Amino acid sequence: MTNIRKQHPLAKMINHSFIDLPAPSNISSWWNFGSLLGLCLMIQIITGLFLAMHYTSDTSTAFSSVTHICRDVNYGWTIRYLHANGASMFFICLFMHIGRGLYYGSFTFLETWNIGVILLFTVMATAFMGYVLPWGQMSFWGATVITNLLSAIPYMGTGLVEWIWGGFSVDKATLTRFFAFHFILPFIIAALAMIHLLFLHETGSNNPSGISSDSDKIPFHPYYTIKDLLGAILLLLCLFSLVLFSPDLLGDPDNYTPANPLNTPPHIKPEWYFLFAYAILRSIPNKLGGVLALVFSILILTLIPFLHTAKQRSMMFRPLSQCLYWMLVADLLTLTWIGGQPVENPFITIGQTASIIYFLIILILMPLTNLLENKLLKW
């Protein structure tokens, strides 16, 4: 009797992607984050679906509907905090996944990398719109400040902002459309993730050494399914620890105050995972310049494959590049810290310095270090 796993059209597709997939034998735990992102997306879609059953996207009832979910719905508080902290876990995995791609040279798979950058933008847009939905103070003012940035676009900016708002300020129309987009985007993310995987399976996975692993492959199942399962258990352990012991650790206390257009919070700031980009935005005094720097801070990822001048793909055997890489990580952590601080000295100066260092490392120092390491190879 023929094996249904290898014969049935649908089972065959799953088999080729997750069971009999030839995988390099030496990939480390840094390769776990792809599957963890899939798990995070599933958690977000399921918890989001249950939240949408009780949420009302109306300015007069949105805040109280979230309160109702937490107080009156059976295990509503768990679902709400799983969704909120699940987003934080999503971004932790996302940053680790991108960091691994940069360190081990996975960006040379151009299609996979570029779809990944599109995915990052989509996830960021989804998270931003989700933050607006509880209709607390930080939700309202965050939405006002961030959407207002589009008014910096010459000629069409003001009209574009009013078009997004659906009026002359962030109001009922804005909340309703943000809810609609926030609901549909995760499914678009899931579709993009499938395309991401499709392109990855065209080339096969990279590995820590950065050299071809065609001569030494092992089946994905059981080796990497077990490994991914361990990662999933650890992720769920962290997520549930956060949800059950300290659910508001990563949130903003201002969001427990209903949105009030007449009262501006002293420090408007987004969620922690946007703070690095927010710090870059704030470090430029000019509005249009700030917006361009903000967009380019993410878009710069698409340039990395073209700035890669090294003979070796991975940083595993390139100590100078490793030093620069960890400087970049430290710089991003500094930017994240600065993004949460008030706009006053010395924070302004630190933010501007860290922003310059960020672009300097990626655009100039990395390619130069790569060329220097190429020279050192000949010694």
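Just so you know, glycine gets a Cβ as well, placed from its N, Cα and C.
The heme b b562 binding site feature in Swiss-Prot is assigned to HIS83, HIS182. Feature annotation from Swiss-Prot assigns heme b b566 binding site to HIS97, HIS196; the stated evidence is similarity to another entry. Per Swiss-Prot, ubiquinone binding site is recorded for HIS201. According to Swiss-Prot, the transmembrane segment annotation covers 33-53, 77-98, 113-133, 178-198, 226-246, 288-308, 320-340, 347-367, on the basis of similarity to another entry.
Where Swiss-Prot records a feature, it is marked here on the structure.
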residue: HIS83; record: heme b b562 binding site; Cβ contacts under 8 Å, 6 or more apart: GLN44, THR47, GLY48, LEU51
residue: HIS97; record: heme b b566 binding site; Cβ contacts under 8 Å, 6 or more apart: PHE33, GLY34, LEU37, GLY116
residue: HIS182; record: heme b b562 binding site; Cβ contacts under 8 Å, 6 or more apart: GLY48, THR126, MET129, GLY130, LEU133
residue: HIS196; record: heme b b566 binding site; Cβ contacts under 8 Å, 6 or more apart: THR112, ILE115, GLY116, LEU119
residue: HIS201; record: ubiquinone binding site; Cβ contacts under 8 Å, 6 or more apart: HIS16, SER17, LEU21
List, by number or range, the same-chain residues at least 6 past the transmembrane segment (288-308) whose CB is under 8 A from its CB atoms? 98, 102, 105, 107-108, 110, 113-114, 117, 120-121, 124, 149-150, 152-154, 276-278, 280-282, 355, 358-359, 362-363, 366-367, 370
Long-range Cβ contacts under 8 Å made by the transmembrane segment (178-198), restricted to residues 6 or more beyond its ends, are 17, 37-38, 41, 44-45, 48, 52, 55, 57, 112, 115-116, 118-119, 122-123, 125-126, 129-130, 132-133, 143
Remote residues contacting the transmembrane segment (33-53) - C-beta distance under 8 A, at least 6 residues beyond either end: 69, 79-80, 82-83, 86-87, 89-90, 93-94, 96-97, 100, 182-183, 186-187, 189-190, 193, 228, 231-232, 235, 239
